[in-house]
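Residues annotated as Fe(3+) binding site in TrEMBL: H65, H67, H220, D294. Annotated Zn(2+) binding site per TrEMBL: H65, H67, H220, D294, in sequence order. According to TrEMBL, the feature 4-imidazolone-5-propanoate binding site maps to R74, Y132, H159, Q223, S299. Marked as N-formimidoyl-L-glutamate binding site by TrEMBL: Y132, N296, G298. Marked as domain 'Amidohydrolase-related' by TrEMBL: 240-358.
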Amino acid sequence: MTSVLFDRIGLLYTGDPAREEIADAALVISEGHVVWVGEAGAAPEADERVDVDGRCVLPGFVDSHAHLVFAGDRTAEFAARMSGEPYTAGGIHTTVAATRAASDETLAARTEALVAEMLAQGTTTVEIKSGYGLTVQDERRALAIAGRFTGETTYLGAHVVPRGASADDYVRLVTGPMLDACAPYARWVDVFCERGAFDADQAREILAAGVEAGLAPRVHANQLGHGPGVRIACEFAAASADHCTHLTDDDVDALASSGTVATLLPGAEFSTRSPYPEARRLLDAGVTVAIATDCNPGSSYTSSMPFCVALAVREMRMTPLEAVRAATRGGARALRRTDVGVLKRGTRADLVMLDAPSYVHLAYRPGVPLVSGVWQEGRRVV
Ligand code: NIG
Ligand code: FE
């Protein structure tokens, strides 16, 4: 069993509440796991040594919300938005048509490329949703492809009602034959609960059917306006309510008392030129906050967690520490994972090394490719 000592770490962000940051630190990994964390001088011997030379090390980012299985792009829609058109989510149908028309090989290769793009930017755990197929075959295919890259697969048959279908018939399909076909490939069930997508009753029916089939719930909630999504997520004790852009006091109270994580997706507000979620309001109320990319061709075509951290700091008034915590441990909480997002004895050796002395540089030097090394389960991958 080979052990590796990461020596002379300038600043180690562990994410462990017991000791969240250690200056002049060291860390030892073995067999894909962290076995020791502490001060550089006190480190035990190891078979190999990596000289971190004063740089910052942190857990691999946990991107808990991404839609990576799709074909086509929506460049024209983005450009139109930047000249004043609003985002309506209607463009989902464009991606559905392109995705249905693509071969399995094309979809898998494109997903693989996005996962590699994420890895190069420090993401070592990613959740991947279906939702651009909207037929039994196409949703199952998306999840089978997603499952090649992650265990965190989410059934989002309830993304929108496909063109030409009746909403009632489609909800019956999503909660019946489509669920039966998809459940073996999915860990989570999700629903886009929003005006123009699925209403409160439909969302409850879809989540309940998913739970009945053994999936755990999460919800696209309150993205485009106020609505029942956040409260339904809390009612179902969902792991996460995602977006949370439009919140009432009752929504914030429900999140604080249910323990449901609020996953904020600032790439979506950036790309749709919308007001950002009120992270401070959530943090001050004691809500656990995660940050994720929402990587998708319509509302947020970024694969970069460092970019989202920078947005969270600059645009959502999170401190750099809060933003990094949300991008690591927060994402892990949103996926109910305790083995990732934190570096302490026993967790997975998923590490990011920055070419910078502190994680603060992620926001202080936005757009600069600071990720200079990535280890996944102890293996160097970047
Ligand atoms: O999370 N809100 C719904 N789904 C995606 C956007 C999908 C799209 O525009 O293609 C989101 O933002
Ligand atoms: Fe999304």
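Using the three backbone atoms N, Cα and C, a Cβ is placed for every residue, glycine included.
Q223 are the binding-site residues among H65, R74, Y132, Q223 whose C-beta comes within less than 6 Å of an atom of ligand 1, given in sequence order. When the binding-site residues Y132, Q223, D294, S299 are checked against ligand 2, D294 have a Cβ within less than 6 Å of one of its atoms. In terms of DSSP secondary structure, the domain 'Amidohydrolase-related' (240-358) contains 50 helix, 19 strand, 50 coil. Cβ neighbour density within 10 Å is lowest for H159 among the binding-site residues H65, H67, H159, H220. In terms of Cα spacing, the binding-site residues R74, Y132, H159, Q223, N296 that come within 10 Å of H67 (Fe(3+) binding site) are Y132, N296.
Distance noted between the C-alpha atoms of G298 (N-formimidoyl-L-glutamate binding site) and Q223 (4-imidazolone-5-propanoate binding site) is 14 Å. Here the C-alpha separation of N296 (N-formimidoyl-L-glutamate binding site) and H65 (Fe(3+) binding site) works out to 10 Å.
Sequence-distant contacts of S299 (4-imidazolone-5-propanoate binding site), defined as residues of its own chain at least six apart whose C-beta falls under 8 angstroms from its C-beta, comprise Y87, A89, G267, A268, S271, T272. A coil conformation is recorded for Y132 (4-imidazolone-5-propanoate binding site) in the three-state DSSP classification, outside any helix or strand. All chains included, 20 other C-beta atoms sit within 10 angstroms of the C-beta of R74 (4-imidazolone-5-propanoate binding site). Neighbouring residues of the recorded Fe(3+) site, listed in sequence order and excluding H65, H67, H220, D294, comprise A66, K129, D242, H243, L265, A268, A292, C295, N296, S300 (Cβ within 8 Å of the Cβ centroid).
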